[in-house]
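Colleague: First the structure, then my questions, so here it is.
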């Protein structure tokens, strides 16, 4: 049984002791990292979230404490009182390596069984074990550094927004289901049998209502929930830095957030963000990089060869152009010697993005090698090489198809090759704003338009008339902030006119009745002098991944779910008692074999 503190107070953290503390009598508390018994002396490395302190116990220092210290084992939780002294053999690898603590008194606060994982940096254990024993995994110094970074990030964000006149306000977690996009997590109501709350996918509607209420600068750091298939680096519950402002346009929101990003990345990560951040229209991003989340740390931009081969009789090129598509290519420098097997793998790669194939031209020192050379005239080959600014040693990779297939496949291929060639500077942070997104996308299966972001996004002033005639060409007052090929956050200016909002719902295929059934409270609010407003939300978890230098979202969330949205620690979700279900008016339907 562990000893009680009985009024004993910790006076210093393990990682805080330095030479200027020599001579001080202190009390430290933490976990035993390791113990070394050298006969007349016992050395204990004691760890807390700030670091490690070496403690030395000896018969000459205090016999009782020396004998008691021999009983401690790895991960025992102990308290030690003694004097900080200069270390005879300094350890330059430890921040506290110049000093040690002479252990004069020890309390064993609690014992520990042998841990299923070793508490150290760079743990080599399976993800399932780490998540099952997450409370032990979180003791590791590299994990504790991550959560100190997370804390500091939230503090810097709060301080900055407070200094800029924002109010931190909370919005409901139990809210109304408005199914558009990802599935909602539903919560049954006990008072209203057969009815459900939804957990919010974002605070979107409530923060807009706060603008109507006159709270012109709102923010919160809040949980959001999406019941979707968990691709890499997705979690069913995640955290947003959410904000909304009244009486603003795009430039106002962007300028404020550039200053916020510069402050966060400098103060937390020591990273300089060059301002103003580059802005790139969606159309340019897709045409040059094949993605609305372009990684700008390397070149290999997509080039349009359609004009150069518009008269070609090569049926692959001709067919794509006649069908309204295009012929585009990327250039992989110094890759002309790539073998046939490697190129075959690249062809298989683009087919996963629905491309029918991948044409290639290897520009070698003494020849141009290509399986499509025989289908091209000398002038067409020359035009391609000139357009690609090709030099000896370059490999040109070409896709001819519908534009969306060309963009997606070449964009993915560009990233794939850059990673294979290891040409991405991992120490560089390249921000870019993507602007002028399409407002709508046509869903062929449902035969209707869907909002690219959400149905509350404002329309670019010059495109409003197109909403009636060519909805697919309408651009949104939307903006995403992208860092190194990852979306860090996104936002937009919102519609604040009830008639225009109703029209937007109509274009999306909502009847007036359906729109009012789902969003009537918002449309009603818009009758009472709503201000122009807009905002932005960051994925806090992804931001911390960049600042902490980890590629796994589970590393930055204290108790994450696994890839199947299951918690190995608590075994949630779990079966609940029948009487709980009965109280909620829910009956289980057994699966038929």
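Cβ coordinates come from backbone N, Cα and C, glycine included.
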Colleague: Looking at 192-195, 196-199, 200-203, 204-207, which stretch does Swiss-Prot describe as region 'Aspartate'?
Modeller: 204-207
Colleague: Determine which of 220, 235 appears in Swiss-Prot for the same ATP site as 226, 227, 228, 487, 539, 540, 541, 542.
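Modeller: Record check against Swiss-Prot: ATP site with 226, 227, 228, 487, 539, 540, 541, 542, extra candidate from 220, 235 is 235.
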Colleague: At a C-beta cut-off of under 8 Å, are there same-chain residues at least 6 beyond the region 'Aspartate' (204-207) that contact it? List them, or none.
Modeller: 171-172, 175, 178, 218, 242-244, 454, 456, 519, 522, 535
Colleague: So, three-state DSSP: helix, strand or coil for residue 494 (L-aspartate binding site)?
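Modeller: The residue in question, residue 494 (L-aspartate binding site), is strand (DSSP, three-state).
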Colleague: So how many of the residues in the region 'Aspartate' (204-207) end up helix, strand or coil by DSSP?
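Modeller: Taking each residue of the region 'Aspartate' (204-207) in turn, the totals are 4 helix, 0 strand, 0 coil.
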Colleague: What is the interatomic distance between the Cα atoms of residue 542 (ATP binding site) and residue 226 (L-aspartate binding site), given in whole Å?
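Modeller: Approximately 16 Å lies between the Cα of residue 542 (ATP binding site) and that of residue 226 (L-aspartate binding site).
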Colleague: Given a separation of at least six residues and a C-beta threshold under 8 Å, show me what packs close to residue 226 (L-aspartate binding site) in the same chain.
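Modeller: Residues satisfying the criterion: 182, 183, 185, 201, 236, 238.
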Colleague: Mean pLDDT, the region 'Aspartate' (204-207)?
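Modeller: The predicted confidence over the region 'Aspartate' (204-207), as a mean pLDDT, is 96.
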Colleague: So how many other Cβ atoms are close to residue 453 (L-aspartate binding site), meaning within 10 Å of its Cβ?
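Modeller: Counting Cβ neighbours of residue 453 (L-aspartate binding site) within 10 Å gives 19.
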